[in-house]
Amino acid sequence: MSFRPRLAEGTAPVLVVLVVLLVGLAIAGPAYSSPEGYLALLKRAAPLMILAIGQYFVIVSGGFDLSVGALVTAGVVIAARLIDGEDSATAWVILLVLAFGLLVGLVNGLVTTVLLVPSFIVTLGMLLVLDGAVFLWTGGAPRGALSPGFREFGRGAVDVPLLGEVPWSVLILLAILAAAVLFMRGGTGRALVAVGDNEQAVRLSGGRVNRLRLLAFVLSGLLAAVAAILLGGFAGVSAQVGAGLEFRAITAVVLGGVLLGGGRGSVVAATAGALSLEALFTLLNLLGVAGALESAVQGVIIIGAVAYASLGVGLRHRFTRTTTKQPATASG
Amino acid sequence: MTVQEKPLPVRTVPARTRSRGFAFTPTVVVYLALAVLLVVGSVLVALRGGVLLDQAGLLNIFTRATALGLVAIGQTIVILAGSLDLSVAYLVGLTSLVAAETMAGQAGMIVPGVLLALAVAAVVGLVNGLVITVLRANAFIATLGVALVLRGYLEHNYTGPAGEVPRTFQHLGYDRVGPVPVAALLMLGIAAMCWWLLTRSRPGYHLYAVGGDLEVARLSGVRTRRTIVTAHVLCSVAAGLAGIYLASRLGSGAPYVGTDAGFDLESIAAVVLGGTLLAGGRGGVVGTIGGVFILATLDTVFDDLAVDPFFKDVVRGVVLVTAVALYARRTVRRQS
């Protein structure tokens, strides 16, 4: 991917964490001695990584998106109800789910930018509205079923020359990640980070702050819809499919060294944070940490990782200064 | 501790507004909204042949407001300090268990049970505060991490209600003066204490200073770390009180009593509804209590109207965003 010699600020710690976890996986589980094992891990992690990319856009521009978990649930439940097992409906339902994500992001963004409500509150309200509305519509429990065509994206694989069987979700993830990296290297992406760092300065230098923040929310909504399609295929229909995903995505992004409040961090690191989180869950499973204790261990490790990242700021500065001597900035 | 976007520019209320003697501060707006809600709710319920504010209705509102109120008071304190606590929901469950299991049905163990529950709460608050100040983890992540740890503990050790509170202790949950439960009065008393602490005492001023601008407060000689840790301990103790109250109402400890009620996000909603700035430094307990009663009244009205429970969530979300939008609009207009 983009493991370039110059790393964005904050990328190093999460890569260390990720490598440690991957090595741990290789030692703990025989399945992880071959590439297939890691491909399976990547496939499992893809929805969370995509959510983390969306969340990254919002967080780096200084906001929060708490609605993505509810949006994923809504996407899956809506798709199941509308498709109801009919394969012919797959195409337009996928488009509809994407449009729905776009719409939710648009509403989040507009309320945040036009009505000036803090995004934490807007997306919290959206979470409540989505949770309520979806189940109001379906009468309390998800109904219908997804078509095999719809589920193909979440669990199917395609033959790629040279690589063999690669899951669809991994390909989608890689495409989105590549697009995100390119986007963040372009002018709009940099302006987005600048908004999170100093909104006033961007405004005074002629940047369209509101439009940028709106864009971040729309992207987050859209990517949440993509994640919903993948998760629906992977895990099937349930009312719990998106529960807690918003916190997981935010944790992943912060684990990637992205500053809550905006202005710092790279999208690759955020994605690596999501992969680390998923690797962590897998590792805990392999080590036989009981399901109940899992969240406790997870909590301790998250605190540890974030503390490590923020306490290591001084060290990291020295590191990035020596590695990013080139004129280019390092937010990619 | 910037868990929020950049604070809105709200340096406000200079002499001009004050000289008029009356200003539409968020607190005033909250209570106006509460009054309007009570009137509209009464009319709606009356149209269906019921009475909203009869004995049972008042009791319902106060009962709902008590537990959420206690949690929200604590949440107000940490939010004012520019922090946030996402661990309160699990803490409420944990303290209800600690209290009920220590009491184990014996009247003599009431005091140790309450004290132990509060001590556990204080320790959790201390951990929250220290993780934020010493390990410098973001408050959002730190308290989320602590919440996960508590959740793991609860899931590992409990499958359902445990412990038993003695009969005498249930008086706390069920006694009332007229239509008002005693516990609600105690909650309001605690709110009053916090109001005094925040607006009339030195630690309170420090809290506002830290929430307003951490760096400025530090440079002015405020011990910022100590202030943040204290805020978190107070918040957790308030959540502990909510847990004890719920144990007394339920008769036993219940691991998921806090999360089922969604106390973490709900209490933040109440605080913000009450006009406190999520970024810290502005607001207060009085508004929060108004916000709590708005949420409690909404729930009671919906119960009386037999509204679909999912519809409640929708309305709650819309109310929350609308209310905050109104505050935001107002502050901006006044600025220009």
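Every residue, even glycine, has its Cβ placed from backbone N, Cα and C.
If you look up TrEMBL, you'll see A:12-32 (among others) marked as transmembrane segment.
Among the features that TrEMBL reports, transmembrane segment is placed at A:89-107 (among others). Counting residues 6+ beyond its ends, the transmembrane segment (A:89-107) has Cβ neighbours under 8 Å at 67, 71, 74-75, 78-79, 82-83, 126, 130, 147, 149-150, 214, 217-226, 228-229 in the same chain.
Residues 58, 63-67, 69-71, 73-74, 77-78, 81, 104, 107-108, 210, 217, 239, 246 of the same chain, all 6+ positions outside the transmembrane segment (A:114-137), place their C-beta atoms under 8 angstroms from a C-beta of that stretch. Annotation comment: TrEMBL describes A:114-137 (among others) as transmembrane segment.
Per TrEMBL, the feature transmembrane segment maps to A:166-184 (among others).
For A:214-235 (among others), the entry in TrEMBL reads transmembrane segment.
Residues or ranges marked as transmembrane segment by TrEMBL: A:241-260 (among others). Long-range contacts of the transmembrane segment (A:241-260) within the same chain: residues 9-11, 13-14, 17, 48-49, 51-52, 54-56, 59-60, 64-76, 123, 127, 196, 227-228, 231-232, 235, 266, 269-274, 276-277, 302, 305-306, 309, each at least 6 residues beyond the stretch ends and with a Cβ under 8 Å from a Cβ of the stretch.
Long-range contacts of the transmembrane segment (A:267-290) within the same chain, counting only residues at least 6 positions beyond its ends with a Cβ under 8 Å from a Cβ of the stretch, are 1-2, 8, 10-11, 14-15, 17-18, 21-22, 24-25, 28-29, 41-42, 44-45, 48-49, 51-53, 55-57, 60, 177, 180-181, 184, 248-249, 251-258, 297-298, 301, 305, 332. The annotation transmembrane segment is assigned in TrEMBL to A:267-290 (among others).
The feature transmembrane segment is assigned by TrEMBL to A:296-315 (among others).
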